[in-house]
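Taken from TrEMBL, the feature compositional bias 'Low complexity' applies to 76-104, 136-147. Positions annotated as compositional bias 'Basic and acidic residues' by TrEMBL: 150-168. The domain 'Acyltransferase 3' annotation in TrEMBL covers 174-472. TrEMBL lists 28-171 with the feature region 'Disordered'. Per TrEMBL, transmembrane segment is recorded for 179-198, 204-226, 238-258, 264-284, 296-313, 319-335, 347-368, 388-411, 423-440, 452-474.
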Amino acid sequence: MVFTSWCRRVPRPLAKLSVLLVSDTRFSPPATPTPSSAGPDEGGGPANTGARWPLPEEAFWSERTDPHGALPGDQPAPGTSAQPAGPAQPAGPAQPAGPAQPAGLRAVPAGPPPVDPRGVPADVRPTSPRGVPVDAQPGGAAPGEAGRVATEERPLTQAEPKTEAEPAKRKRDPFLDNVKFVLIALVVVGHSLVPTLSADSSRALYVFIYTFHMPLFVLISGYLSRNFWNSNAKTNKLVDTFLVPYVIVEVGYAALRFSLGQKWSLTIIDPAWLNWYLLALLFWRLSTPVWKRMKYPVPVAIAIYLFAGFSQISGDFSMDRFFGLLPFFVIGLVMQPEHFELLNRRWIKIVSVFTVIGAAAVAIYIAPRAPLDPFYFKHSFQDMDLSWYMGLGLRTGLLVCSLAMCFAVLALVPRSETWFSDLGTRTLYCYLLHGIPVLIAKEMGWLEFPWLHGPLGVLAISSSCFALAIILCLPETRTVFKWVLEPRLVWLYRRPSRS
């Protein structure tokens with residue numbers, strides 16, 4: 001009676017809508033049994049069906065309250081509920097009525113979702129980010145495909161797992177590998193020419209090579225030491241790469257000389273022959289943090305290099321070479337990749353060609369009467385019988401000539417990948433192992449044939465040494481000698497503390 005009298009007082013269209021909502025079974029949930037203890041005011045909605053009346057605020061659909069209509073990051077307006085309706089709850093105490101809703105809003109039932117005529121529940125039909133069904137949009141899914149699309153698409157509320165791409169491996173620069181192979185081949189040639197230095201042709205090539213090959217090797221070592229710092233990993237690598245191979249090679253060459261008939265001599269602190277480079281490079285790298293903190297490292301290194309000639313520095317721990325080649329290491333330490341790019345200009349390459357030709361001509365001219373001690377970068381002024389001003393002038397001129405040749409060679413070496421780029425990655429093996437055949441050839445007298453003391457002999461020795469350098473830089477050589485020159489010394493170090 002109350003409902004009938006209320007319908008008489010409201011406008012006719014609104015009354016018809018109310019009657020339709022109450023009488024339609026699609027908008028009413030299944031009847032739930034009411035406990036016998038419930039009073040008359042604790043029943044369900046109309047006709048004790050369990051529906052709440054009046055309908056709460058979240059029962060009215062709008063783009064503001066529909067969970068499918070909210071964009072990512074949208075915040076609900078103050079005072080409104082933006083949470084999606086959960087599963088139907090058992091009937092309980094009547095909820096207080098929400099605020100009156102504006103006319104024209106379609107009611108959403110509290111029971112099971114209505115079924116689409118095509119057999120797909122309305123709440124699982126694929127929707128766009130604004131909440132409109134896909135098959136209801138222009139260009140959406142074709143009728144009949146909504147169910148398939150809904151099963152293939154993941155819920156919008158499910159976050160897609162983000163998979164981070166693996167960092168790309170840093171590609172090795174073939175330019176430096178090309179330079180290192182050229183230099184290591186010259187090292188082998190230089191050591192093999194020693195028995196034939198009585199010939200002018202051999203002496204000229206020897207002077208030409210020693211003007212730049214070890215200075216440039218040290219410069220490249222400095223450039224590759226830019227990222228060195230005193231950490232556990234870096235310190236362990238110094239021991240594995242330099243200190244342990246130094247001891248092994250020193251003992252090995254002492255045993256080789258003894259087997260060839262020489263007297264046994266083993267002095268660990270005074271490196272023999274080619275082994276000086278490992279100790280010098282060890283101390284250069286240890287000094288890297290000091291040079292990187294200086295404001296003007298290159299002038300300081302040059303000053304130390306010049307004034308070191310006043311002192312007779314012994315060869316223990318390669319200290320004489322450490323100071324004699326120090327400027328080249330520090331210059332390489334401060335160089336950047338763009339400095340190497342400057343050497344790639346056409347006019348610099350042309351100048352470099354004339355520089356190399358001029359250096360070769362000077363070497364041929366001075367070779368018969370020039371002393372060889374200055375080219376070893378280790379002798380003092382007194383050892384070379386020079387006055388202090390002559391010694392300073394000689395060291396300064398040699399530094400300038402060596403740097404000019406270093407930059408000329410860097411400008412002329414190919415920058416792209418070549419057939420010997422891979423060989424340049426294993427130059428340490430060639431450096432440490434080439435002394436074995438060279439020492440055997442010297443002791444056996446194979447380099448003392450008369451025909452080798454001339455231009456043809458120089459060409460033959462150079463070609464043989466070039467082939468030897470290729471063999472010693474092959475991956476098979478590394479496979480055979482890796483256990484000796486690169487031993488695994490994990491057992492030698494203690495694990496870093498976690499504190």
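We count from 1, first residue shown onward.
Here the Cβ of each residue, glycine as well, is placed from N, Cα and C on the backbone.
Remote same-chain residues near the transmembrane segment (296-313) are listed as 319-320, 323-324, 326-327, 329-331, 333-334, 378, 380-383, 388, 391-392, 395-396, 399 (criterion: CB distance under 8 Å, separation of at least six residues from the stretch ends).
Contact between the transmembrane segment (347-368) and the transmembrane segment (264-284) is absent: fewer than three CB pairs lie under 8 Å, with pairs separated by 6 or more positions in sequence. The stretches the transmembrane segment (238-258) and the transmembrane segment (423-440) meet in space: the count of Cβ pairs below 8 angstroms, excluding pairs fewer than 6 apart in sequence, reaches at least three. Within the model, the domain 'Acyltransferase 3' (174-472) shows a mean pLDDT value of 94, rounded to a whole number. Below 8 A, the CB atoms of the transmembrane segment (264-284) and the transmembrane segment (388-411) form no more than two pairs separated by six or more positions in the chain, fewer than 3 in all. Most Cβ pairs under 8 Å with the transmembrane segment (423-440) belong to 179-198, among the candidate stretches 179-198, 319-335, 388-411. Long-range Cβ contacts of the transmembrane segment (388-411) within its own chain (Cβ-Cβ under 8 Å, at least 6 residues beyond either end) map to 179, 182, 211-212, 215-216, 219, 302, 305-306, 309-310, 327-328, 331, 340, 343-344, 348-349, 351-353, 355-356, 359, 374-375, 377, 380-381.
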